[in-house]
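Colleague: If you look up TrEMBL, you'll see 1-20 marked as signal peptide. Marked as domain 'NADH:quinone oxidoreductase/Mrp antiporter transmembrane' by TrEMBL: 23-288. The annotation transmembrane segment is assigned in TrEMBL to 95-115, 121-144, 151-170, 176-196, 203-222, 242-265, 277-304, 324-345. The domain 'NADH dehydrogenase subunit 2 C-terminal' annotation in TrEMBL covers 290-343.
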Amino acid sequence: MNPQAKLIFVLSLTLGTTLTISSNQWIMAWTGLEINTLAILPLISKSHHPRAIEAATKYFLVQAAASALVLFSSMTNAWHTGQWDITQLSHPTSCLILTVALAMKLGLVPFHFWFPEVLQGSSLIVGLLLSTLMKFPPITLLYLTSPSLKPSILMTMAILSAALGGWMGLNQTQTRKILAFSSISHLGWMAIIIAYSPKLALLNFYLYTLMTAAVFLSLNSIKALKLSTLMTTWTKTPSLNAILLLTLLSLAGLPPLTGFLPKWLIIQELTKQEVALAATIIALLSFLGLFFYLRLAYCASITLPPHTTNHMKQWYNTNPTNTMVAVLTTMSLMLLPISPIILAVV
């Protein structure tokens, strides 16, 4: 792709995200969402592979439907209340339609089917954008409207997302699909807490973005798209693979790594809100995610050649590891001791 064209699309993504997260009115928020959708489509389809074109088409159709529902919800609310303000969403029908629209935007169950397919058709860097930056505007809208939304609907979708994200990730062999189901599972944790503590949901999103970026960039450095490729990378970049093992365990939420912090705080807050049953269920469902993270970690770090995979052995990589990967992986592992400072800032 032409560098100038790529720069325009990246700037459009930044503009769309900024417009949505800083707007007070529904029309401006909707405009930002549309700019985002139109800017990411050329990046998804830039390889001109049939799978990439299919992914871009699926993404466009789902996001267009979700944006139409956002507009319909805001117009219904304005018709009944005379308010275009995002925080003044009060009509029950509007609240329900908006919940469905944002669930489609984010990929929450039962509107999750598009997300693994789109991620599988994209490159790892575009997959990183889809899993993190593209979810920021809908999460912001969910944060702003959380007092108006029904906690019972959000909790049901959250538990289903954690369950399906865990179950469907178990049998995957493609790293991008595994990370897609990991994203769905993590969205479940954000959705379950956003009605009770919106700031905690945002903290969870920030830390999830940090850890997911570290994993995506590490996989991009070693060009690992399948588990069979991942098995041959230990001899190529042993230090990066060792760090990738720990980052995956952090993403799974094991103490004393960074990923344990949001899960611990969410379970604590749910218990305080007297929904201990939901906290117990979602905590148990996180074991499913732990299994496929361990599987990824096992393939990356513990499986050593010679082995029975029929994949071509890669040459030793002399290129230095990206500084960004080093910074992100360090933060993905070491933030738990400074959690009081993080909580004070949030």
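Each residue, glycine too, has its Cβ placed from N, Cα and C.
Let's see these features in context: how buried, what's close, how far.
Modeller: With a threshold of 8 Å between CB atoms, the same-chain residues lying at least 6 positions outside the transmembrane segment (95-115) that come near it are 33, 58-59, 62-63, 65-67, 69-70, 72-74, 76, 89, 130, 135, 137-139, 141-142, 145, 148-150, 153-154, 157-158, 160-161, 163-165, 180, 183-184, 187-188, 191.
Counting residues 6+ beyond its ends, the transmembrane segment (121-144) has Cβ neighbours under 8 Å at 13, 16-17, 20-21, 29, 32-33, 36, 40, 43-44, 47, 49, 51-56, 58-59, 70, 86-87, 98, 102, 105-107, 115, 176, 179-180, 183, 187, 190-191, 194, 198, 201-202, 205, 208-209, 212-213, 216-217, 219-220, 225 in the same chain.
The list of residues near the transmembrane segment (151-170) in space but at least 6 beyond its ends in sequence, with Cβ under 8 angstroms from a Cβ of it, reads 96, 99, 103, 108-110, 112, 116, 177-178, 181-192, 194-196, 275, 278, 281-282, 285-289, 291-292.
Counting residues 6+ beyond its ends, the transmembrane segment (203-222) has Cβ neighbours under 8 Å at 124-125, 127-128, 131-132, 135-136, 139, 175, 179, 182-183, 186, 189-190, 193, 229-230, 233, 236-237, 240-241, 243-244, 247-248, 250-251, 258-259, 261-262, 265-266, 317, 321-322, 324-325, 328-329, 331-332, 335, 342-343, 346 in the same chain.
Long-range contacts of the transmembrane segment (242-265) within the same chain, counting only residues at least 6 positions beyond its ends with a Cβ under 8 Å from a Cβ of the stretch, are 182, 189, 200, 203-204, 207-208, 210-212, 214-215, 218-219, 283, 286, 289-290, 293-294, 296-297, 300-301, 329, 331-337, 339, 342-343.
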Colleague: Residue list, the transmembrane segment (324-345) vs rest of chain: Cβ under 8 Å, 6 or more residues beyond ends.
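Modeller: Tertiary neighbours of the transmembrane segment (324-345) are 203, 207, 210-211, 213-214, 217-218, 221, 240, 243-244, 246-247, 250-251, 255-261, 265.
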Colleague: When you scan the chain for residues with a C-beta under 8 Å from the transmembrane segment (176-196), skipping those not six or more beyond its ends, what do you find?
Modeller: 106-109, 112, 115-116, 119-120, 122, 124, 127, 131, 135, 139, 142-143, 146, 149-151, 154-155, 157-166, 168-169, 204-205, 208, 212, 215-216, 225, 251, 262-263, 266, 269-270, 273, 275, 278, 282, 285-286, 288-289, 292-293, 296
